[in-house]
Amino acid sequence: MARYRQPERLTRTISCSDDYVDLKPVNEQPSDKMDPNLGLIASMPKVDQEDRSDLQRRWRNLTKLKPGLSEVNELDNESTPAVLIFGGINTARPTDYLNSASMFLYHLDRNNWNFYGTMLEPRNYHAAAYFHGKVYLFGGYNPLHCIKGKMQATSTTFQLTLDVKQWRRRADMPSARAHHGVTIMDERIFVFGGKDSNGNIIASVEMYEPELDQWTSLASIPEPLMGSAVTNNEGLIYVVGGLTTKKEKNQEGVLSNKIYCFDPLNNKWYRKPPLPCPRAFASATTQNKKIWIWGGASLSEGGTLASTTSVDIWDPKKGRFEQHLIFDSPKHCLAVTKAGTQVFIIGGMSSKENSSLAEVQVYDRKRDILQKCAFLPVSLTGTAAVGIPVNRSPASDITTSKTTRSGSRKTQKTLKDKQQSDIHARNKAARTIQLNYRKYHASKQRRSGIPRDALRKKINVGEGDRVSGRIRTYITGYRPKAPGDDDLSKDFAPVTIPFWPPDPDTSDSVFHTVVDQFHCAKEKMQFKHFYTIPRQIDPNLGMLLFMDEDYQHSKKVLGLRNVESTPYYMSRFHATGDIQDTSIPVIIAIGGVDPQDPMNVSYGRSVFQYHPLKDRWEFFGFMSLPRNHHAAAYYRGAIYVTGGCDPHIRCWGEMVATKMTFVYRLSSNKWTRVADMHSARSHHSMVVFNDSIYVIGGRDDSGRLSASVESYVPALDEWNQEKPMPLPRMGMAVVSHGGYLWVMGGVTSTKGGNINPPVLDDVICYDPVFKHWVSGKPLRIARAFGSAVVCDDKIWLCGGAAPSQDENNYLVSIPAIDVYDNEALEWIQKATLSCPRHSSVVVALESCLYLIGGINSHELSAINRNELYTTDSDTVQSIRELPVQLTGMAAVTIPPTCVTFRSESLSIMIRHKVVT
């Protein structure tokens, strides 16, 4: 589990990264020229304890703030998001303490503000954060507590549980502060800088863990800052601009144009390219992995604060600024929050109006425009705002606590995977484990008295003895194993087979066994020879080999028949009658095989349905025949399944590819066999392009790799030959993008006795219109049996297997998610899966990528763990597991019968469901 490094508690000296020298806070306040209130609040009266108690008592029983403003007690956000603001101060009436204690609720569909009640204490220039159904308020000024006419910063933390509308005080911050910045990342809340109760600008950084109600001090900002804009982007936190102090004493505060970047995982600070001009008291948000800086204040010619109308966008990758929007009126100290597809800009100060503002503007991210909406009930500056998402689950505190702990464990695991993202180190560890296992297996054979060389010698076989079809290993003593008490759902337990999985035969385990193993589909062969696949390029890692004779012999001895029965896991499923949902897209997973139970053909016929918003797998039914390592595609109300291996058909201990094509039409709810392909194939790819379905490459029924490409026209029910690939390959990833069929990676055959692993890193593109192949940008690393999908007009390549560097060149699963940058024309690693996998399936649902099943070479088994990667937030989350460990599946996305939700709304709902 990744942990944040907890530094020593800092007092006076501010530590920073090696790029900066240590600074010390200066015990002087900025002059009035740098006052964010523009000097409008010169002095505040002192309120004694009795008056404070009386005010707070009256506020608790308050039902109406002013005439014409209704009070609500419910969020009423079942259909649209809501915006909730807390406190603030009116510069024209700063002693109206009720304004600083009030909460206002805005409904997007009604375009009006309502009074939502009062807080425990009045606050202004504080910070707020929404987290798992609760709102947290941090610090700020309390206008009821003043010393020498100045409001005092506080260190209190308040929690509002929205379900029951209940306030609770939580652990205080180590430092009192106001004008500070807050952001949420990785289930934690980070607080940066501010101004303390002594009037000093501070640089301290503190982290709050809501689950533990605990504060931790982190590495301080390289210089003291207040009024900075804070946001996070791709695992880093950015602190933009602000008001700081000079290192020399008796100097006024100055505006900063610096951008600091904080890495919470390593507890380090870095400097980024500065702002074009100094700016403070702005707000920042992250949209499309770019940082938006809203408003703020710069220096006028007279040296005072001047509000700005600019909304700038900063690209962290390119370090480039551009002005994107302009406000109607300049403003600073504004509150900015995101709610759904909109960004709300609320209140603030204006140097032009010389007063606080009641103006509220909304930025529509889809239409890229600024609009005005209902004004605040009162002009406010220094307020805090949060966006409340749609359909927030009304769970109890206990359920929320459990969900938070579960989400925390997932996030900590994701952090650990990001910290250990070195693929080569993982491959080295996997090779060490596998090498030790093989040594142990060889020593076990020596102890058993069977020399390794005896496997290649001719031996005498008795009448009742059997010989394995490929390795010629003398095997005896097969008998059924009695079922245990904990596994009564199966009639028969797996057969115990000594020395399984076996080591590859040295005479057949080199790559020259697949030299030129491809042919044209029209080629006439006088005899048919089956080429077994070397274990070094076998996606199943040898776990499915050499089972044919054992299975048939056990079946004959036991007198078994082919009986179609309901799988044992059916009792754990919710029944589903329709394969298509009315309002939400669903994922359909078809077939597959469990390497640890390869004789269970019910897995290959099973059809599962996954509902994204329910995060639940349901058993839909069976397809006509069992299949694994096949391909599927959805086209105009029908699911097409091509090729794949049939567990009933084996040759030399391996399942054989088929050429059959099945279609499931949603209108008739029936499986139908249509025209067969010209070539049998498995481990191939299938994609839809311009009213045709294309199948590419794979391994044919003779065990040879294929370079053929075929296209199927559903309207004519016929297959046509296309121009073959330059090289035969299987296990490649294929997508349709930009008018081309992109073929990425895969495994090819070797020539001339070359022992290098035949895993490819090249990318070739096929033009179906002009019938020619062109070369693309090679992959970042060579990989095979990966999965690719197009999402947000980009190609995403997930998982796969890379060749190892030992003498046997075994395949090793990798956890990388790569994306093709259309501008830079290169492949970039974007994320790391928590579980390395290959031979898995990936489907795209709006901005969400679902990775299902596959094989993990580190565990030497198939996996049932599934993961969700969101492209817009760049996060990896675990989702509901499959009922069994499966690999070689195929999956498609079925659209709803009626489109109800917008794509972005659906993505937000999915992320909210997974996190909560």
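Numbers run from 1 along the shown chain.
The backbone N, Cα and C atoms fix where each Cβ goes, and this holds for glycine too.
According to Swiss-Prot:
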type	residues	note
REPEAT	82-133	repeat 'Kelch 1'
REPEAT	134-187	repeat 'Kelch 2'
REPEAT	188-235	repeat 'Kelch 3'
REPEAT	237-289	repeat 'Kelch 4'
REPEAT	291-341	repeat 'Kelch 5'
REPEAT	342-390	repeat 'Kelch 6'
REGION	393-426	region 'Disordered'
COMPBIAS	414-425	compositional bias 'Basic and acidic residues'
REPEAT	586-637	repeat 'Kelch 7'
REPEAT	638-691	repeat 'Kelch 8'
REPEAT	692-739	repeat 'Kelch 9'
REPEAT	741-793	repeat 'Kelch 10'
REPEAT	795-847	repeat 'Kelch 11'
REPEAT	849-896	repeat 'Kelch 12'
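Contact between the repeat 'Kelch 5' (291-341) and the repeat 'Kelch 1' (82-133) holds: at least three of their C-beta pairs are under 8 Å, each pair 6 or more apart in sequence.
Confidence annotation: the repeat 'Kelch 10' (741-793) carries a mean pLDDT of 88 in the model. Counting Cβ pairs under 8 Å that are 6 or more residues apart, the repeat 'Kelch 6' (342-390) and the repeat 'Kelch 8' (638-691) reach fewer than 3 and are not in contact. Between the repeat 'Kelch 8' (638-691) and the repeat 'Kelch 1' (82-133) there are fewer than 3 Cβ pairs closer than 8 Å, counting only residues 6 or more apart in sequence, so the two stretches are not in contact. Secondary structure of the repeat 'Kelch 12' (849-896) per DSSP (helix as H, G, I; strand as E, B; remaining residues coil): 0 helix, 24 strand, 24 coil.
Counting Cβ pairs under 8 Å that are 6 or more residues apart, the repeat 'Kelch 7' (586-637) and the repeat 'Kelch 10' (741-793) reach fewer than 3 and are not in contact. Relative to the repeat 'Kelch 1' (82-133), the listed stretch 188-235 leads the set 188-235, 237-289, 692-739, 795-847, 849-896 in CB pairs under 8 A. Taking residue pairs at least 6 apart in sequence, the repeat 'Kelch 4' (237-289) and the repeat 'Kelch 9' (692-739) share fewer than three C-beta contacts under 8 angstroms.
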